[in-house]
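Chemist: Here you go, one structure.
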Number of protein chains: 2
Amino acid sequence: MPRTLHLALHPYGVGGPGQHGLWKDPRVAKNASIDIDYYIRQAQAAEHALFDALFIVDSQFINATYPAHYLNRLEPLTLLSAVATHTRHIGLVGTASSTYNSPFNLARRFASLDLISGGRAGWNVVTSFDTGTARNFGLDEHLDYATRYGRALEFVEVARGLWDSYEDDAFPADVARGVFLDPDKLHALDHVGEHFSVAGPLNVSRSPQGQPVIFQAGVSEEGRDLAARVAEGIYAPGGTLEQAQEYYADIKRRTAAYGRNPDHIKIFLHGGPVVAATDEAARRREREIFEEDNDFDRNLALLGRSFGAYDFSVHDLDAPFPDVAHLAEKGGRTGAAKLIERARAEKLTLRQVAESVNQFRRSPFVGDPRTVADTIEQWYDAGTLDGINLAFRTEEELNLFVDGVVPLLQKRGLFRTEYTADTLRGNLGLPVPANRHARERALAAG
Amino acid sequence: MPRTLHLALHPYGVGGPGQHGLWKDPRVAKNASIDIDYYIRQAQAAEHALFDALFIVDSQFINATYPAHYLNRLEPLTLLSAVATHTRHIGLVGTASSTYNSPFNLARRFASLDLISGGRAGWNVVTSFDTGTARNFGLDEHLDYATRYGRALEFVEVARGLWDSYEDDAFPADVARGVFLDPDKLHALDHVGEHFSVAGPLNVSRSPQGQPVIFQAGVSEEGRDLAARVAEGIYAPGGTLEQAQEYYADIKRRTAAYGRNPDHIKIFLHGGPVVAATDEAARRREREIFEEDNDFDRNLALLGRSFGAYDFSVHDLDAPFPDVAHLAEKGGRTGAAKLIERARAEKLTLRQVAESVNQFRRSPFVGDPRTVADTIEQWYDAGTLDGINLAFRTEEELNLFVDGVVPLLQKRGLFRTEYTADTLRGNLGLPVPANRHARERALAAG
Ligand SMILES: Cc1cc2nc3c(=O)[nH]c(=O)nc-3n(C[C@H](O)[C@H](O)[C@H](O)COP(=O)(O)O)c2cc1C
Ligand SMILES: Cc1cc2nc3c(=O)[nH]c(=O)nc-3n(C[C@H](O)[C@H](O)[C@H](O)COP(=O)(O)O)c2cc1C
């Protein structure tokens, strides 16, 4: 099978988690995260470079300690809809929580984006990392893992049911016969489940790709199970090569175990590459970035985000890392558990843990264009990834990657030299799901 | 005070309520209602004509008997966001239900649209006409009037609170001092009310117009009260000149009674004008439209929509109009009550009522450009409207109005000859609401 790498762009605006100093960079506009023209430019640059998708993460909770980009940014679907009409090929993946949305409204918005973009919409299903989100939606406490992931699975099933409300030939719009809609091709859903009751039908028809592509982000046991059942793409955190291999193999195995084709789930690793003219310059730039972002109070707050926006400053910084495992049980148990384990194994103080949170985010893709292309190839061949979700600090660094690394990946046959499809499914090599009612009809007809 | 008429455009796609034959018109693209380019063209034509706003209505429920345009259309905010980047002056008003949304998510989406459009967003608050919507959101029954309108009021209050989360100078982004956000200018809401508990803050800052403009559509006692309390614009049904005068005076009186400036609520009447080269041709066109749209079964279904998608075909068509008042209690009591009253007063059969539903929608603005301009002027001077929400069957008929009627309105000093503002508030002559926290701070400082 030919090697096929997929690339997505994850715009960081004025600075995501850990990028505390990014907004100070003179090349970064202070309003980037709320400027639709910034996103349109990013999408057009990514499309020019033949990327598969623009990928927008999200949260429905902030406080004043949050990353600059999170404090003030555009809601993902509103954003992507504006971007859609300024692009033609690139996929548009928006993050939305299955915990704090309702299936009818969300399915409808993604279906609308899918029509507006001509079949380029993707939904990154998350169960909400930020526990404080609950209090923006009338709940005292974030739902627990079992409830959140049970709800996520049912949510996706309902959305997919709604997306099949109309068969593809439901609208003959036949003037001679006076038939706009063929009512036999409109289907209610009548879903009644543990978390949702949704009658349907949805008032939006299918796009050229049939249904939006389902992505998922979440690394717990529950998250992996959800991905294996329903996801067609994953935003995965990465880590070491060995961790990424374990994750990749595990997801593909689980997916096959559910009777699905493991090629039909594309794993995108997070990777904020650092590219420069020489390896030495890239390493220097990496150290420089580390210094720019080095802000102890913000690192402490970032650490707190993994524990329900917990305020660690109440603890003695130089005492052993406090016992806060219970605080992570709701929000991001898996990432938090790793932190706790490391603190215990290496006998770290709170200060040391806080100082190291940013190190966790180091990209494996650092060097001159050739080194970065080599490393990507090596990781691809080692079975760690199908794609990379690339994040760049500035538009210049995006261009360095596009002009320096992409041509090398193309030369090696890893990356496309032109778009072969106009839909996200087409570019990802994912099948168009047949409408379930049309399928049943075909089966019944023999 | 100078006379200032406001104009909005309400695109009908393949045909809204009663326009049963519109999709058959060869000038109407069969996919208009799901084609973003159709909406962009409509918005650009309306902007070229200096209109105040594009106005998008909505519903979260359909069945196969629904108007063609409702069956399959784009979600309003996704739609308007795409339109925003292709226009510069025109307001973008989207309908969204306060009954089947959550305040945090909806406030955020409107705030995002407001930023994307540079301060041109408006929210038409409805409580959902279609009772069947309930079953798409896990409820067996539509909420009753008191609950729906109580919820609507609290919803708007919460949204406005969230929209003030950031003071206008919350982001100094001062590199020298290392201050991106001034945390004193970020405010949680901590709202706890009868219908909602929302902690906040919202993760979106204010636009150049401060907050999205609140519109309202709903004519009951409860609807009028809500409008008088919080609305800055109204989409009103019209009716006879006398009915419109009564409504207009009543709203302005109620608004003043709440201590508000009655000029700060703009009443838009629904009006689908019929313009032609001569009065005679316009009347002929009106009859032609009536014939095109004449479809008894669809009229019967349309009638049913006012009574919770009730299937009237189970009744004897030639018996007196059945006693169905209780069915209207939840969805659209006020319009339905008018129908029932008329049926009783004129002793109409079910068939006669169904045959007449489309007559209700006749526009007062029919004739050659001069007659239409005269009638608009007459209605304006009679105190029936501040604006008109114009709906046209085809792009040609929109152009007839723009080229024929608008210049006459301009000559009479009724309508602008150029945009004087880039925000919706600016064009409507509405004040920019000061941020509540900045106001308090100013008061405290004396
Ligand atoms: C790479 C990655 C990206 C994620 N992006 C988001 C996001 O944008 N918004 C969000 O609420 N959660 C996000 N999540 C969090 C997950 O949805 C999940 O809630 C969280 O990781 C806790 O569940 P887990 O233990 O299964 O990972 C992300 C997780 C990963 C691993
Ligand atoms: C001119 C006009 C336009 C309306 N547009 C909508 C709409 O787009 N979506 C909706 O659900 N309801 C719409 N409504 C309905 C109202 O929101 C309200 O639910 C309904 O009229 C019943 O309440 P009422 O008796 O107060 O009018 C509209 C009402 C009027 C008068």
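Backbone N, Cα and C define each Cβ position, glycine as well.
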Chemist: In TrEMBL, the FMN site includes B:T95, B:Y149, B:S220. Which of B:D52, B:D58, B:D263 does it also list there?
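Modeler: For the FMN site that includes B:T95, B:Y149, B:S220, TrEMBL also lists B:D58.
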Chemist: Rounding to the nearest whole angstrom, report the longest C-alpha distance spanning B:D58, B:T95, B:Y149, B:S220, listed for FMN.
Modeler: 19
Chemist: If you count the C-beta atoms lying within 10 Å of each candidate's C-beta, which of the binding-site residues B:T95, B:S220 ends up with the smallest number?
Modeler: B:S220
Chemist: Take every residue in the domain 'Luciferase-like' (B:31-384), average their pLDDT values, and give the whole-number result.
Modeler: 95
